[in-house]
Protein chains: 2
Amino acid sequence: MSYFENFLNANKAYVNLHGTAHLPLKPKTKVAIVTCMDSRLHVAQALGLALGDAHILRNAGGRVTEDMIRSLVISQQQMGTREIVVLHHTDCGAQTFKNDEFTAYLNKELGVDVSDQDFLPFTDVEESVREDMAILRQSPLIPKDVIISGAVYDVDTGRMTQVFP
Amino acid sequence: MSYFENFLNANKAYVNLHGTAHLPLKPKTKVAIVTCMDSRLHVAQALGLALGDAHILRNAGGRVTEDMIRSLVISQQQMGTREIVVLHHTDCGAQTFKNDEFTAYLNKELGVDVSDQDFLPFTDVEESVREDMAILRQSPLIPKDVIISGAVYDVDTGRMTQVFP
């Protein structure tokens, strides 16, 4: 049983609503949102985004990794974004493990030694937002005039609360 | 002028609709969707996802990078997902540049030498989906019984079309 077919079916109904329209490649608000993959956060709805408004980047934890910076550089230098929002959330999967236990588990479960890899867990969600804002601010690939904001999303209430650097 | 305040304001209205409810950390469908940051793709709407249904992972191009695999390992081993959908799209920003020209531009614009970095551009969108499905299939960190599907999303029509490996 695969869910992929369900998504294809649901998409048929979406296509009828969507109609045909070409929106520009460059996001209207010039914002890129860096957030977590969590299933309980629907970014467009929670932030009031229309189609075409903003880039949405998501990984485990919403962490600013090398790949996140690769994506932001493309977002900024190819598609003109000038603002970044780092949005982490309560009850995050990245708060459920520690690197050493997790890599030991992966070694046992998958037979792969990834003991040197950082899976980027965190304890305090406001602190993780601050850390990632600081990584962005210090990156030579992110221009100094780019606006960087941070917030925490509450998955139980849907509320986004600002975090200051 | 920052858009962040607009998002905070829009979020106030969303909170009123959301109410308070605790959904489980583990996604209901056990699916993780790997896709692009593009502003014209609202994943939850396009695939008919409710809150809590699926992990959504997004970077420039929807490419399977080391960070994407880090996120998928957490998704699978900590939160029980067992299916992956690789979803790229038409008119992608990753089709607008070549590595050598882009890194030369970054050197000139930002004064940073990233000439050894692959920004993962592609030409043929079906081919890029197949490439990324193959990377997942070959990864020792992704169990062999995980279901992997691929598709292309048309940003003009909203239609998702399956790509076979």
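Backbone N, Cα and C atoms are what each Cβ position is placed from, and that goes for glycine too.
The following features are taken from TrEMBL:
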type	residues	note
BINDING	B:Cys36, B:Asp38, B:His89, B:Cys92	Zn(2+) binding site
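Compute the center of the Cβ atoms of B:Cys36, B:Asp38, B:His89, B:Cys92, which mark the site for Zn(2+); besides them, the chain residues with Cβ within 8 Å of that center are B:Thr35, B:Met37, B:Arg40, B:Leu41, B:Gly61, B:Gly62, B:His88, B:Thr90, B:Asp91, B:Gly93, B:Ala94, B:Tyr153, B:Val155. Other C-beta atoms found within 10 angstroms of the C-beta of B:Cys92 (Zn(2+) binding site) number 23, with every protein chain shown included.
In this entry, B:Asp38 stand out among the binding-site residues B:Cys36, B:Asp38, B:His89 as having a C-beta under 8 A from a C-beta of chain A. Long-range Cβ neighbours of B:Asp38 (Zn(2+) binding site) (same chain, at least 6 residues apart, Cβ-Cβ under 8 Å): B:His89, B:Cys92, B:Gly93, B:Val155. It is B:His89, among the binding-site residues B:Cys36, B:His89, whose Cβ has the fewest other Cβ atoms within 10 Å in the structure shown. Under the DSSP three-state reduction, B:Cys36 (Zn(2+) binding site) is assigned to strand. According to DSSP, B:Cys92 (Zn(2+) binding site) sits in a coil region rather than a helix or strand.
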